[in-house]
Amino acid sequence: MATATGIHHRTYRAELRLRHTKAEWFRLALVIVLLLVVPYALNTYWLGIANSILIAVVGAVGLNILVGFTGQISLGQGGFLAVGAYTSAILSTRAGLPVPLAIIVAILVTAFIGALFGLPALRLKGLYLAIATLASQEIIMFVVRRWGFLTEGKGYIEVPRLPFIERETFELQWYWILLPITFVAVLMARNVFRTSLGRSFMAVRDQDIAAEAIGVNITRAKVTAFALSSGFVGLSGALSAYYTETVTWERFTLDVSVLYLAMIIVGGLGSIAGSVYGAIFMMLLPALLTEVGQKAGDSIPFITDQLPAIKNAIFGIAIITFLLIEPRGLDRIWSRMKDYVRFWPFRY
Amino acid sequence: MLGRAYVHSLNSSTVPVGSPILKISDIELRFGGVVALHDVGFTVTQGHIHAVIGPNGAGKSSLLNCVSGLYHPQKGKAVLHTGDGAVTHELTKLPPHRIARLGVARSFQNIELFSHLTVLENLMLGRHTHMKHGVLQSLLWFGPARNQELSHRGIVEEVIDLLSLQPFRHKPVGSLAYGIQKRVELGRALVLQPSLLLLDEPMAGMNSEEKEDMARYVLDVHELAGVTVILIEHDMAVVMDISDRVSVLDFGRLIADGTPDEVKANSAVIEAYLGAEEH
Ligand SMILES: Nc1ncnc2c1ncn2[C@@H]1O[C@H](COP(=O)(O)OP(=O)(O)O)[C@@H](O)[C@H]1O
Ligand SMILES: [Mg+2]
């Protein structure tokens, strides 16, 4: 538990809280106010991006539990998102399950499938595990593309709009649905890593032999990490099914797995807050680049022609720059800034 | 330090003092063509500090790894006694985490800490076998998960106090000095409330002052809790000073086993080890 230096606690209970200083509470209050004001300050387009970010945050947190906290690399993110999306969509459109129930079942199913595809991790590490998870990605993609039963032969699933969502206030209503769900999901992930379960994941990551020697059942820890991680990813996939109102395999390809890996690397491996920052960064950057590109394109037509290529190049350069400047990600940059302010004007 | 009243016992073994707690017999361990251990067997008595000595590559660490389940000998066994001494467990047939659950705790020759975690988190991990790890309760935090965190802090704080680790509580262990890391590793083994403590060269690579401190801590733990210790150590002065019994390995064979005085007088030992040092 990273407690701010120079803070002394009178009870263990106080020490275990997530926030200790007035500054930390103040920042939380500021974020909450911001989150409450955002939907009224943004237009529909940007609110739509905010909603995509909220969904991506849940998926990034899930992936970070596995990759950043447990040290098990995964290229199967896209596949697990697909499992969540297809399961919830099929259950609510064809089995007639109420949406919340369909989402919960989708979480459990994805967790189960995740645990299953996590079994190779009991034997494989590093690059070999990456290849094994790549295989699980491709197997899931193969199934959702070729198994006609899933889409009743149409190739995609149309998900009816939630009954209480109006066309004019679509994005706003979704914002108020997604915000609390994402908030609770992030908080729960944070909780895991102040308990013995989360610590056992990090022990496996840091030193698996010592973890075994102090009594961590590595098999159990790894399978649980895959299941827990996939549960979050399944939730993210299920939410995207109802939000986008269609489920097609194109949205769950290997690119998506790589994009999510980039999110948690840029944000900070092994950091819940980092997953959030990374998701925001990776979802916001393309939108901002488009915006800037269009403005510039008005005066220089060349930019409009080449916009997609330029966008990709800048996107790539931005990520590399980040990694070179601070390999531990945005979360690390942020905590250095906080320390700087807290100790100002004294530098240690 | 010893004057302070600690609430938690650091020894979970109930085997009567003087009875055997660990019987190692006929262990043979090979790595391809290399015979790391050849018919090694001896008995460790409850309440003893039992030293295992021998030149580099003699098979000391390998022997400890067999006892804690990390290596699987081709032949022979290590049997742990629990309860009143009548209950036996064949350690050589159990996976490491089950052996830890029996109270066998250890440190490693090359520090094997969880380097990104803080001292406190490392020590809390030492409590792993005593804690529950339900997914739902962990997600919720409030309730059982938090109560558990609080209730296990008691013993962890006592060990932090015993080993003078207070200033480093919230520091990531990777950032600490070598000597401190060695102490954290001892602490992580202690909070498990061991029935048997295996220490692989806890003083290796230390200067004489740090060595003295570490020897003091090991003795404190032994006196305070009466926990049985198997100690691998190179420094002969330390070994002869603090151990009740000494086993000597040379090229994977047990060449002597007895009290420090007996071992010192043993001609095979003098030739293989003690004598070699003088030349
Ligand atoms: N994991 C291993 N793989 C191959 N050989 C090993 C392994 N562990 C130990 N050995 C060999 O076993 C012998 C004993 O090593 P070790 O137990 O580390 O000795 P000590 O701890 O007494 O210095 C050495 O020859 C060493 O090379
Ligand atoms: Mg050794």
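Every residue gets a Cβ built from N, Cα and C, even glycine.
Listed in TrEMBL for this protein:
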type     : residues  : note
TRANSMEM : A:25-42   : transmembrane segment
TRANSMEM : A:48-67   : transmembrane segment
TRANSMEM : A:74-91   : transmembrane segment
TRANSMEM : A:97-119  : transmembrane segment
TRANSMEM : A:126-144 : transmembrane segment
TRANSMEM : A:174-193 : transmembrane segment
TRANSMEM : A:258-289 : transmembrane segment
TRANSMEM : A:309-327 : transmembrane segment
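At the 8 Å Cβ cutoff, the transmembrane segment (A:126-144) and the transmembrane segment (A:48-67) share fewer than 3 close pairs (sequence separation 6 or more) and do not count as touching. Outside the transmembrane segment (A:174-193) by six or more residues, the chain places 18, 35, 38-39, 47, 50-51, 54-55, 57-58, 61-62, 65, 69, 165, 199, 201-202, 228, 232, 235, 239, 243, 272, 275-276 with a CB less than 8 A from a CB of the stretch. Long-range contacts of the transmembrane segment (A:48-67) within the same chain: residues 38-39, 42, 73-74, 77, 80-81, 171, 174-175, 178-179, 181-182, 185-186, 189, 192, 201, 225-226, 228-233, 235-237, 239-240, 243, 260-261, 263-264, 267, 269-272, 274-276, 278-280, 282-284, 287, each at least 6 residues beyond the stretch ends and with a Cβ under 8 Å from a Cβ of the stretch.
Below 8 angstroms of C-beta separation, residues 46, 49, 52-53, 56-57, 59-61, 63-64, 67-69, 75, 77-78, 186, 189-190, 193, 202, 205, 310-311, 314-315, 318-319, 322-323, 328-332, 334 of the same chain, each at least six residues beyond the ends of the transmembrane segment (A:258-289), sit close to that stretch. For the transmembrane segment (A:25-42), same-chain residues at least 6 beyond its ends with a Cβ under 8 Å from one of its own Cβ atoms are 19, 50, 171-172, 175-176, 179.
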